[in-house]
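Worksheet: the structure to be examined is printed underneath.
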Amino acid sequence: MAAGRRGAATSSFSQLEIRSHVLLCISLHLSSSLCISLHLSHRPPCEHPAPADPPADHRRFGRNNADFEEYPSARAQANAHSHQPTRPVDKDKTETELSTSIKKATSPEEIAPKQKHVRKCIVYTWDYHSSLSVWNGLRTQPILADEVQTFKALIVVHKLLQEGHPVTLKEAHAQTGWLETCGRTVGDTGKGYGVLIKAYTSFLLAKLRFHRHHPEFNGLFEYEEYISLKNIDDPNEGYETITDLMTLQDQIESFQKLIFTAFRGSVNNECRISALVPLVKESFGIYKFITSMLRAMHRRTDAADALSPLRERYNAQHYNLRRFYYECSNLKYLTGLINVPKLGQEPPNLIDNGVAPELPERPTTDKRPERKETPRPPSSPQPTQGEIDEQRRMLEEYERKQSNLVSQREADQRRQEDEKRRQEAEYAEQQRLQQEREAQAQAQLQEQLLRDQMSQQWTNQQASQAGQVQQEMLAMRGQYERDQMLLAQYDGRVKALEQELASIGMNVGGQMSAKDDLIAQLQQQIESWKRKYEALAKLYSQLRGEHLDLLNKSKGFQLKANSAQEAIDKMERMERDVKSKNLELADMIRERDRARYDLDRVKSSHREETDRIKRDLAFANERAEDASRHKSTEVSDVMSRYNRQLTELEDSLRSKQLQIDDLLRKLDEKQSEIQHAMDEKDQEIMIMQEGMDSTLQELSDLRQNQGDTSQAFDAQVDTLILNHRRDLNAIIDSILQASMKKVDDAIVVLEAPMQTGNTTATPEYTLSMIEKAMTDATEFASTFNRYLTKSGGTHVDVIRTANEFCQSLWETLISTKGITRFAENDEASEKLISIAKQSGDTGYRFFYNLQSFRLLAGGKSEDAALRNNAETRSTLSKLSDTVEKFVPKAKNTLNQTTGDIGDIVANEMQNAARAIEEATQRIHALMNRPKDGDRYGSLNTEVHDSILKFTLEIANAIGRLINAAKDSQEEIVREGKGTSTTQQFYKKNNRWTEGLISAAKAVAYATGLLIESADGVISGTHSLEQLIVALNEVSAATAQLVAASRVKASLMSKTQQALEMAAKAVTDACKKLVKQVKLLANAQGDDEAVDYKAMPSHEFKVREMEQQVEILKLEKDLGAARRRLGEMRRAGYHQETD
């Protein structure tokens, strides 16, 4: 260790003894769990008390005497991570509220981000265990256009890294590019935030780098969290950890000094001061951690000088932090948010054994072997006078050295005492000067200061009140949801009791014989209801008490003028909720009294009970008959509404898929633009190459003309060649890094459970993409190998083949994710994703290992490309075998066909064209059909004409699509077969052929389904939702046909571009018809509107409960319907033989 080597220069021990002793002590401390437990339970007090640990409840945002944190501590968050939190029911609503909070937190006003908005972002990460929505919200806001917004966004990010879910730190590593962009694009508009933003981004990037190398730390660097997650056995790692922490502490010191220098006297510095809040918390957490670790290290070693470099640096940071905290304590706005910690005048004593934590004894196995005393010989010669003089001289020399060491130590102590007295005198002088300045300012501006203080208190109290009200609302909302669940359970029990009474009425004889059992059962149920009511009443009283306590606490605070009305409205809403709960509890009490009255009446008289049951039986029979008739009508209405809602949800899913396809198309356009830019860069490189060649030629001519300076010219030529080679390597490395980024993004999509991948992909299409990826990988490896060996490959070829391999591998992974919908169970889907991820990781390593620094470090650069190509092809072959199992057996026989495969493909294309032609003719027939009122039902003639018009437009667009697909297929066969025959080309590319045939069949089937649905809607036999489903099938089949043709299409192909345009025309026509159908559906739905404002309160509450029950039933039925639909699609795909 570096500390051991520096300490050996001043220690009385030898270098080897000190090194082994310090390593042994650190290893024993960091590896022993007993040491950790003793250190936690017997932590020594500092010379000046430090703030206590934060509260354990991560829902509490207040402050006490020992708590200086503005938000919940990371330890409490880690504890909260051990259970699954209650998530909001409506995630879309939560996302909308999150976006609003981010927008308000990063507003352009030069004020600090409000605590409630930042807390909303932090709570969201804990509710959903993800911070991606927060990052996306920050990206969507125009914060880069204004430096105040950028600075406030960085404050939000810093607090999110500290207080957010632990996954926030992991996901933040992928956002470093955005942070760098914030630092680069900032401008100077005169507000003075430009320098702060650059420094802030630099600090956040340094913090993320630290957490990447030390993932055991949380956002606040707490010592207990560290030792509970990390058990270090390597002393070097412990030493490096402390050194890295001190480096990060120095960066915090530099940044806070920059903030204080940026204060302006003429403007409000609230925004700048708010950035000091996370810096205070983070610096104090690092300070406490370093103090604990250094005490433990000093406890186990006697050679204190070995750790003197760390101790000196620690002392310097102590004085800097004390000065920093003193300056923060003078800022009233900052002290209103957090309690600023107070450090002692002098650093804590790290060497004193009396206050250091107790550690386990040093094991004897690590000690040096003890020397065995040899027996003294029986007689020894008498020492001579010279030897005695030499020993006396050595003893005097030793005593002189010892006295020098003692005097040096005393001088050091006196110097430290003098320095301490000097610093105390300086501090006293500063305090006296500060008091004089404050007295003068108070005498001159006392009234103004009073007004400022009142305004500041108003602001602080409003912020605290808003946080408490927000917390109270969250608690009330959770309690309300739990009460609703209890009420639903109570309703279920009541319905069960009614069913039981009906069954008792149907069996009067059995009821008479089992009257005692019935009474006992009723008593048990009443006791159960009583216990539930008491529990609910106790819970409500507790909630009411907490509510009253919060109200009493809020009386001492004043509301800010601009948000006072908002807080009052929130309180009124909460009071209305409480009143509604009181009404519900009153209803429950009445139900309980009614049940008790029924029980007493059961016990009163056996004969009266028999008569009542008979009367109830007769009445129940009549009511059952009426209810059965009524319920049949309600069930039919509910089923119709359920089917309509199911179709609307599926339509929404389809529309989202269309949006995804549109985004993918835009992504392809961006990639083409990038490819065009890369081509331009290649041309520039070629021009540079030509310039370099001309320069080399001129140098060669000069070398011939000037023979005396030939050696200097040779050196210049070599330098130019090396620089040129280095530039080319840098360009190729950047291309390889971009490919790595794209492959990594595909792996993220592959593993994300919310991502669906390419939903139009089929196993046949995926197999063709795997085959293309294997071919591109081989071509890329061979080109790169030729480039390294200088046997024909150029950097232009390397860049081109790298882009082709990256694109094919990306499409392979996305398509593999898409075909997981055909998996029979979750295990098969997870296995497919796991194998695909192995292929992606291998491709990622392929690009990574071919970078210039890897080739120089690994050696044998000629074999690197071929070796990685073999690994990539192996994993892709394994993926191909797995995807092969998803192909139905009936479809897997194309390569065994004895006939002409070209004729089969042509026939399928011809069948599709014929189906489109028949569909067009049928549409014309429908348009020419007489428009009688009985046939068309309730729909008007205009609607029918518009539907037929858009359907005809779709059919014509599909016809043009089929023709373009035929042209593209013929061009692919013509360019790809070479000297072979068409039959051999189809045999060789059987996967692509199968995908093309399957796509053509899908287009023909979807077109026929669309015509059938349109005819049914006009005739009244089909619903509008069925027509939307048919339109979605047409869009999916069109996308499948385009994707199948795109696999083998050449770059910038005219026929492929025509095919893309035809597919876009089909999609646009489908959108028009969907829009028309939705307008018609909305017009029909407007007739069912009900005026809820004029409805009585009791009836409104009953209707609301009925709607909630209906929603739960419909959601359950919708989930079951989706599962059945998935099973039907899988079964239909695997059973397809045509």
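A Cβ is built for glycine as well, from the same backbone N, Cα and C atoms used for every other residue.
Looking at 41-86, 639-684, the range annotated in TrEMBL as coiled coil turns out to be 639-684. Across the compositional bias 'Basic and acidic residues' (409-425), the DSSP tally of helix, strand and coil residues reads 17 helix, 0 strand, 0 coil. Through the fold, the compositional bias 'Basic and acidic residues' (409-425) approaches residues 345-346 of its own chain, all at least 6 residues removed from its boundaries and within a Cβ separation under 8 Å. According to DSSP, the secondary structure content of the compositional bias 'Basic and acidic residues' (389-402) in residues is 14 helix, 0 strand, 0 coil. Confidence across the coiled coil (639-684), taken as the mean pLDDT and rounded to a whole number, stands at 71.
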